[in-house]
Amino acid sequence: MQASQFSAQVLDWYDKYGRKTLPWQINKTPYKVWLSEVMLQQTQVTTVIPYFERFMARFPTVTDLANAPLDEVLHLWTGLGYYARARNLHKAAQQVATLHGGEFPQTFAEIAALPGVGRSTAGAILSLALGKHYPILDGNVKRVLARCYAVSGWPGKKEVENTLWTLSEQVTPARGVERFNQAMMDLGAMVCTRSKPKCTLCPLQNGCIAAAHESWSRYPGKKPKQTLPERTGYFLLLQHNQEIFLAQRPPSGLWGGLYCFPQFAREDELREWLAQRHVNADNLTQLNAFRHTFSHFHLDIVPMWLPVSSLDACMDEGSALWYNLAQPPSVGLAAPVERLLQQLRTGAPV
């Protein structure tokens, strides 16, 4: 399919069916588009909307975000996952405040230099917010292009990604780029979906190679399968009435900056930790274990609950706090921690 025909059909479809009233599309600014694009990485629109609205209510400008404590940013992000995005968001906002006087940069080089911003995100900000001619290549766009032009291979491989970037550059029109890029994302999200694509509703159906050969399931190529390693983590749930002991993780690494239960690889390490702090472990109780899966490994979590008689226990741990179940502080929590805290709120641990 010729590039001009491709873009014309996509734009015509967008005018009729595309999404035009998402929260970040109303009174568009580079800040709003950037925030939404970061949140939308590996996350569905319906999940992102309430988070975006809460962020905009609390941080209406990039300067507000830059001046906020990281704990508060992570707290508002809790449940959205991939917390490196939130940490990079905060760093980038501070960079905008420091280097650009709080005005969001408007050149590709400056935007791409922000933490957590790659080529596609920079292109999305420039095209969607400012109408500048930059292509994008998010997951939805990759899927549409790979199927239409039968691009084999996993897009995570550099040569496949380069082929898709070349196609994206070719089909992105000189005019109407903001509508076109939004249309491509909408097309992938609404019509050219991962499973059960609605090919009969697609404006590219007649020129799509995958549709012609009924081979959409082959494109894009899947990531080579690998068996995820398994690890075990013993979580220590120290409870004093309605207070639960949490410690802040280091700034980088797994759950960086979030508040979590003390974690150990083995139960004897957990008991040794308690003994060193003169905490009686007679009433230590194992709760139901469960699995939490990361992108690169499975973590089998074994919660170990222990009621304590004093808040003084373990408060020499630096960045630690007693989390009040009735009046939760504004701190970021890892998803398994939130799950266990909710379990403790409902009453006796099981």
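Backbone N, Cα and C define each Cβ position, glycine as well.
For reference, Swiss-Prot has these:
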- GLU37: active site, proton donor/acceptor (ACT_SITE)
- CYS192, CYS199, CYS202, CYS208: [4Fe-4S] cluster binding site (BINDING)
- ASP138: site 'Transition state stabilizer' (SITE)
Work out how many Å separate CYS199 ([4Fe-4S] cluster binding site) and ASP138 (site 'Transition state stabilizer') at their Cα atoms, rounded off. 20
Of the recorded positions ASP138, CYS192, CYS202, CYS208, which one sits closest to the residue listed as 'active site, proton donor/acceptor' when you measure Cα to Cα? ASP138
In sequence order, what residues of the same chain, 6+ apart, have a Cβ less than 8 Å from the Cβ of CYS202 ([4Fe-4S] cluster binding site)? LEU187, VAL191, CYS192, CYS208, ALA211
Could you tell me which of these recorded positions, GLU37, ASP138, has the fewest other Cβ atoms within 10 Å of its Cβ? ASP138
Checking the binding-site residues CYS192, CYS199, CYS208 for other Cβ atoms within 10 Å of each Cβ, the smallest tally belongs to CYS199
Sorted by sequence, non-CYS192, CYS199, CYS202, CYS208 residues with Cβ within 8 Å of centre, [4Fe-4S] cluster: VAL144, ARG147, CYS148, VAL191, PRO197, LYS198, LEU201, LEU204, GLN205, ALA210, ALA211, TRP216
